[in-house]
Ligand code: AMP
């Protein structure tokens, strides 16, 4: 496994694979890797000849007052984990390497599907994601790129601009990896105190309960309000509890598949989760 910190170095490392038409898989991350990230790498290994994992904490997707400075940077530990799952190349550029010293005048803004959910509470976040992921796609030029359904809205945004801008690669979505108690794995779980970590799985428990209630025919508005009330009671500050169609359009009738979305804070830690609810009998 090689680690490259410059675009030039990465391009040189990938040249033999590109010249021999090997399938290149790409997994973008912000590091502090856990089993969720490693599952993406394993999925990439299955269908690609060469797997590149980027580790880059992207400043432009963090808002003022968010955790850019304190975001965990654990490159040595990440490298060991990635070597174990057969990653071929780590791309770990500096901010300077990615953004240079000249001002950036170009933005990438995906409309409509970024208007609410996390887009509403984190203005500019998805523009920052779209810019860095497009830059990384242009640098790595992969055949396949792998993203987790944990960040469901992000995955939808990426699929959208890849389609709109004819970016020549295939986006693969990978199901959420959870801890045994149901908490969706996240680098931000490390911010939780022991007491908060005990409370955190309430989100998934309530999503599963809601799924059952909906399948039994309970009214959607009632089910969403109940999740919200129970989260508040458990000590969360709720950002949103929403239901959408899988394409993120609003739900007109809910005898079809829908996705439940939760974002809530425990102390200063913002947690997100989602659950696809299947109405097939
Ligand atoms: P991050 O490092 O948080 O930017 O995440 C990098 C990639 O890993 C994104 O595509 C995430 O959706 C994905 N990811 C993070 N946590 C999980 C998880 N628990 N299950 C599946 N994918 C995940």
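Each Cβ is built from the backbone N, Cα and C atoms, and glycine gets one as well.
Note: TrEMBL annotation is automatic and uncurated.
If you draw a 10 Å sphere around the CB of residue 37 (active site, proton donor), it holds 27 other CB atoms from the protein chains shown. Secondary structure at residue 37 (active site, proton donor), as computed by DSSP, is helix. Per TrEMBL, active site, proton donor is recorded for 37.
Other C-beta atoms found within 10 angstroms of the C-beta of residue 149 (ATP binding site) number 19, with every protein chain shown included. A helical conformation is recorded for residue 149 (ATP binding site) in the three-state DSSP classification. The feature ATP binding site is assigned by TrEMBL to 30-37, 148-151, 177, 185-188.
Residues or ranges marked as (R)-pantoate binding site by TrEMBL: 61, 154. In the shown protein chains, 21 other C-beta atoms lie within 10 A of the C-beta of residue 61 ((R)-pantoate binding site).
What TrEMBL records for 61 is beta-alanine binding site. Annotation note: residue 61 ((R)-pantoate binding site) sits in a helical segment as assigned by DSSP.
Cα spacing between residue 187 (ATP binding site) and residue 37 (active site, proton donor): 10 Å, rounded to the nearest whole number. When the Cα atoms are compared, residue 36 (ATP binding site) and residue 154 ((R)-pantoate binding site) turn out to be 15 Å apart.
By a simple count of nearby Cβ atoms, those within 10 Å, the most crowded of the binding-site residues 30, 33, 177 is 33.
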